[in-house]
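*Asks:* What TrEMBL records for 882-987 is domain 'Pentatricopeptide repeat-containing protein-mitochondrial'. Taken from TrEMBL, the feature repeat 'PPR' applies to 227-261, 297-331, 332-366, 367-401, 472-506, 542-576, 577-611, 682-716, 717-751, 787-820, 856-890, 891-925 (among others).
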């Protein structure tokens, strides 16, 4: 019970907490007896250890019963100048008896003693044990230092400290090794140059440069002479950070101090120069190496070949290979692989395979590395047929494909947007029991995102997690970027949150993805909130972060914030690129802040971001694009005045600006001036002029210019064909557009998605639906069928009253995992409304919301009009309230529909509320809206207000229908107010609605005819509804485009 109370004292037992003096005296007495016994045991064991048969004698005596750590420590200390190996064996004998010793004091005595006897191997082993026992380097160091001093430090061997530090290094504990070395204070110790050099080398390998330089500084302070290895390490440190200038200085210093560089030193310098792209200097250094009598080895040549390949100097790389062979050095598979990879990166498949054949001919066998390089190369240039050949050849050679092999093939197919083949390879991979890796799934998700199949990409992510693979930041960022690009920022945010829940901390790239998406969507406050979170986590904003804010604020016209972020970016030493400068100049031009635009331009000019001509070109481009052509011409004049020669891009910007303004005369005049100055027209110039002519409706002139391109020594490019095809389609000449499509492959140009979409739009506009459907089938096969493509064809089918076909196409869209957007749904809703199928329209509306696609003004207006047409006013009013509650502002068409609905319902209070709201917003009332209100007032027999509106309507330039005028006049007559009845006729005459010969009697009796009604407005039933229909038509057409 005594021990229990000792461990758990309480207030009721004070006598236990404070024992009296007597027991203490007893304990002291016992301790004294124990110390005497230990001393006797130490003497006995020490005497036994002097005998050669010590182990037998110990076993025969009662000494084993007297052993304890104090006795062993004392025995080792007493015998430290004796036979160290015998002491070590005694220690192991003791451990055999009682178990592994964890006492640092005992181990330290042994370590110091062994080092003093030059038994470094056993000493090193015991030091490793000490390090594993205690994770605090200062404790291990302190224990050894204490024993070192007690063993007469001046005669003890300092090698023990070298071994301790080196053991930390060998165990990969570089911080601890450097920490001990740099923290030596309580003992005289000069580390060996070998220790310094090996530790420095390992710190470099681990890229611990800050620690490396601290160690080097310590080496200098210790006056340790630098040898060739130390200098080589220093050169390597400079090269690692790309500071080759300093590396070369060290090389010179090394020679000046009489330390001759060896081949390794030169190889390090050559490697640094190659990585810095200074290949000419690398060659010169190799020559210098030879002049010094050193022979370049395989590593030298491999470094040069890698350097040349990285810079795409493949001819020079091949020459180095030839030189290497001439010297009798046999290139290994790494060198051949670098060359093959170099040629593959350049797209020269023939040369790459030729190197492979040469390699095999020289007796260097192929392995997976070579085949992976070949596969990667052919996949990158889209030669998937060749990729399959390489794969089959590899299997015939007896090499088993790995997960990476299949992943390369999958990536190739994804790059070609051939997802069907990509998934077939995935199935084959799983069939041969190779589990898809994180990289495999990452490639597939990236491919699906590039094709817009975001739903399937999310499903693949789920499958990946289900199989126990943890997605990394790259996978999440890919998904986030894809959703953000599609404007699905809510989905992007969900992925961001999920990523954090999985314990993966977002990096700068993740934050930038959201920030860029939000800035692009002009949600600047939300973007700023993520920037704050990012900075709170200690992450630093980079040029992309600032570029996003500058772009976002420039687009919303808040240039004061754009300028602030630009200044902050400069303040942090980040260099804006030409894109950021362009955005800022462009933003100021849009706002009309020409002075600020010029200020940014002068800043860019001073910083030499681009050449002077290019900088002027950029400003002229921004001014021209924003229709500030007078200012652009002034800048152009300044450029010429200071002696700079305008290039073709400057003229192109000016020509483009005048074309956009529709001033083809000035555009053509500039083109003539440009040619007269000897500035050669390029294909961009032709494309600009063709586009300008087509937009001006001058199709024939555009065709003449297109046909004359070859005579100028130019070749039409993809943009030329796309412009011509788009122009032909918009002018209704679909046949000519298809002829150009057929011509494109003959000139080596593959039609892109823009061309196919332009043709599809043209076919739909001309109601050539069979052609449109054939074309769309091709688009599906080529992977060009995007959301835009589906929208165009759905709209075409709806306009041709083919609702069932449109619905089927919508189903195909979902099957193909192409995400519908608000345009898709709005188009289908409109079509259903026109057919009076309001239940289906409403279902689509709710489905749209479920997909987080927010209905806009057009969507709501379409539904409002549909319900109004079938007379379901209750649904109209509820929907309108919902629209306002969602913060969606009505446009003029919405107002016309709602005015009509309230008029038919006889709710004149709401009518005039809406009318006042319209006037406040500057929305003009249409003639049909006036007529609907006047008719509603007449039904309520409120003829005075009807007459006031009639006058207002006439003053606005609108005309009221004759029957409505007749109703008002008759109403006044019935009420006995003949003056007002006459006023109706007088107003009609003053506005020129009826002839001077018309009389009141005919107006009241309804005997006036259309002949009396001068240029009369049509009499309409449901006039406002028809007005809304007519207004909706162009709006829906614009939406589809």
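Quick reminder: no glycine exception, Cβ is built from N, Cα and C everywhere.
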*Asks:* So, by DSSP, how many helix, strand and coil residues make up the repeat 'PPR' (227-261)?
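*Replies:* For that range the per-state counts are 26 helix, 0 strand, 9 coil.
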*Asks:* Against which stretches of its own chain does the repeat 'PPR' (227-261) lie, if we need a Cβ under 8 Å and a gap of at least six residues from its ends?
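*Replies:* Residues 193, 196-197, 200-201, 204, 207, 209, 212-213, 216, 219, 268-269, 271-273, 275-276, 278, 281, 292, 294 contact the repeat 'PPR' (227-261) from elsewhere in the chain.
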*Asks:* Do any residues of this chain, six or more beyond the ends of the repeat 'PPR' (682-716), have a C-beta under 8 angstroms from a C-beta of it, and if so which?
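*Replies:* Here the qualifying positions are 648-649, 651-652, 655-656, 658-660, 662, 664, 667-668, 671, 674, 723-724, 726-728, 730-731, 733, 747, 749.
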*Asks:* Over the repeat 'PPR' (297-331), work out the mean pLDDT and round it to an integer.
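*Replies:* Mean pLDDT for the repeat 'PPR' (297-331): 86.
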*Asks:* Do you know the DSSP helix, strand and coil residue counts for the repeat 'PPR' (367-401)?
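*Replies:* In the repeat 'PPR' (367-401), the DSSP-based counts are 26 helix, 0 strand, 9 coil.
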